[in-house]
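Input: a single structure, listed below in structure tokens.
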Amino acid sequence: MAGGFVSQTPGVRNYNYKLTPKVFVTCFIGAFGGLIFGYDLGISGGVTQMKPFLKKFFPDVRKKMQSAHQDEYCRFDSQLLTLFTSSLYLAALVSSLFASTITRLFGRKWSMFLGGFTFFVGSAFNGFAQNIAMLLVGRILLGFGVGFANQSVPVYLSEMAPPNLRGAFNNGFQVAIIFGIVVATIINYFTAQLEGNIGWRISLGLACVPAMMIMIGALILPDTPNSLIERGFTEEAKKMLQSIRGTNEVDEEFQDLVDASEESKQVKHPWKNIMLPRYRPQLIMTCFIPFFQQLTGINVITFYAPVLFQTLGFGSKASLLSAMVTGIIELLCTFVSVFTVDRFGRRVLFLQGGIQMLISQIAIGVMIGVKYGTVGTGSIGKSDANLIVALICIYVAGFAWSWGPLGWLVPSEISPLEIRSAAQAINVAVNMFFTFLVAQLFLTMLCHMKFGLFFFFAVFVFIMTIFIYLMLPETKNVPIEEMNRVWKAHWFWGRFIPDEVVGVSAAEMQQKSV
């Protein structure tokens, strides 16, 4: 498939390319890095409502569940139980900062391999856990794996993909995450029916499978042209670029990559330089987009879907089945983003998804408030329960084609090479920090805020939708090394970008954008 692309941003170059089998296969394998994150997201919530698991590690929660007069909002409230889930994300935060250096010095693929290896070891600890300490050590090792993978995979995909298909290929990472969630939920559904401790051990131990997939994938993947140039392998980089673009006419794009690399070498301290005014747009976006992504409330559904559905009156088996349904819907709707993000752009999906999530969250909060009130002792009929599940599915669909994939895509594509690893590390660190907070505090917040918790997240969805409308320019079809022109043309961020960075005068830029 030969072609090119036309960018709507003034001054952006147009490259020639062909959509080659090699770039498709490498991006497909590279996206495997999302499987380990997704598998853990899906497996945690299911395991934490399995009775043998709770009896062995969290007996107090098990006793609380059996109480006849238990406030439904508070039946799972336990800081130790939430620490089982949230400890992984704190470890991922720390490891993402180290992963930045490894990704820059040794290439994206070896950071992915290391992520898979530590996740594999962590899965073994969890599968054979005999006490809380062993369980938490396993979770921390899993977190190190997630941190390395989440730091390197989105950057790898953005650098390998042709500019006008970068959104679709990068969204493969989110597809892999959701696929991992769905597979984990299906596994939980069947292992929960096994007697004794074998069920939860199988669920936790099978995390070694996606870990092995990313390790094997990393070994056979080539490195990106950007990374090869950055590490001094110029000839290999040009051959790789010709290979993935399907043409020998790559001189213009190759020169842009070389220029970007030369500029990046002038930056000795990327962590210090990213604080400079010229990188203010990237710094703000790599902080606020992952912050807002977690404050959509999606992890309330992802982590604790089975727990949440049990709180709403579903039985154990029915709650796992409902979580499976929402996971499948999220997977299918993620493909909407894959096929539309490079056609309609990032902003349209962000804004539409935000509005859809806002309306559904308010409706869910109202329904739960009417049925349970503030005391949490009411009940929900079958028709009302089904309606709540439907509203949750609408909410999940809105997230799946907007903040889910775009929360990883946009931060990975907007930064110049000299700060890219540091910016992606910040993106992952902020994401993991607020994932940790939500995971650790959700059950307590549900206990104390009751149905108001859904309104709490709805307020943030409203704020983030306004933020995107005002502050995020459209980045579709723009080569990753030409992104500064997008910021220069923006009504607010343009003041931070020096004219010499984009190689055009401010007057010329303004004239071209008219």
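Residue numbering: from 1, along the chain as shown.
Each Cβ is built from the backbone N, Cα and C atoms, and glycine gets one as well.
TrEMBL entries are annotated by machine, without manual review.
These come from TrEMBL:
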- 23-43: transmembrane segment (TRANSMEM)
- 26-476: domain 'Major facilitator superfamily (MFS) profile' (DOMAIN)
- 80-98: transmembrane segment (TRANSMEM)
- 110-129: transmembrane segment (TRANSMEM)
- 135-157: transmembrane segment (TRANSMEM)
- 169-192: transmembrane segment (TRANSMEM)
- 198-221: transmembrane segment (TRANSMEM)
- 283-307: transmembrane segment (TRANSMEM)
- 319-341: transmembrane segment (TRANSMEM)
- 348-368: transmembrane segment (TRANSMEM)
- 388-410: transmembrane segment (TRANSMEM)
- 422-445: transmembrane segment (TRANSMEM)
- 451-472: transmembrane segment (TRANSMEM)
For the transmembrane segment (23-43), sequence-distant contacts whose Cβ falls under 8 Å of one of its Cβ atoms, 6 or more beyond its ends: 88, 112, 115-116, 119, 142, 145-146, 149-150, 152-153, 156-157, 160-162, 169, 172-185, 187-188, 203-204, 206-207, 210-211, 213-214, 217, 220-222, 244-246, 299, 302-303, 327
Feature contact check the transmembrane segment (80-98) with the transmembrane segment (169-192), CB under 8 Å, 3 or more pairs: no
Seg_contact(the transmembrane segment (451-472), the transmembrane segment (319-341)) with at least 3 CB pairs under 8 angstroms, min sep 6: no
Distant-in-sequence neighbours of the transmembrane segment (198-221), which means Cβ under 8 A and at least six residues beyond its ends: 26, 29-30, 32-33, 35-36, 38-40, 43, 46-47, 50, 52-53, 109-110, 112-113, 115-117, 119-120, 122-124, 126-129, 138, 142, 145, 149, 156, 180, 184, 187-188, 191-192
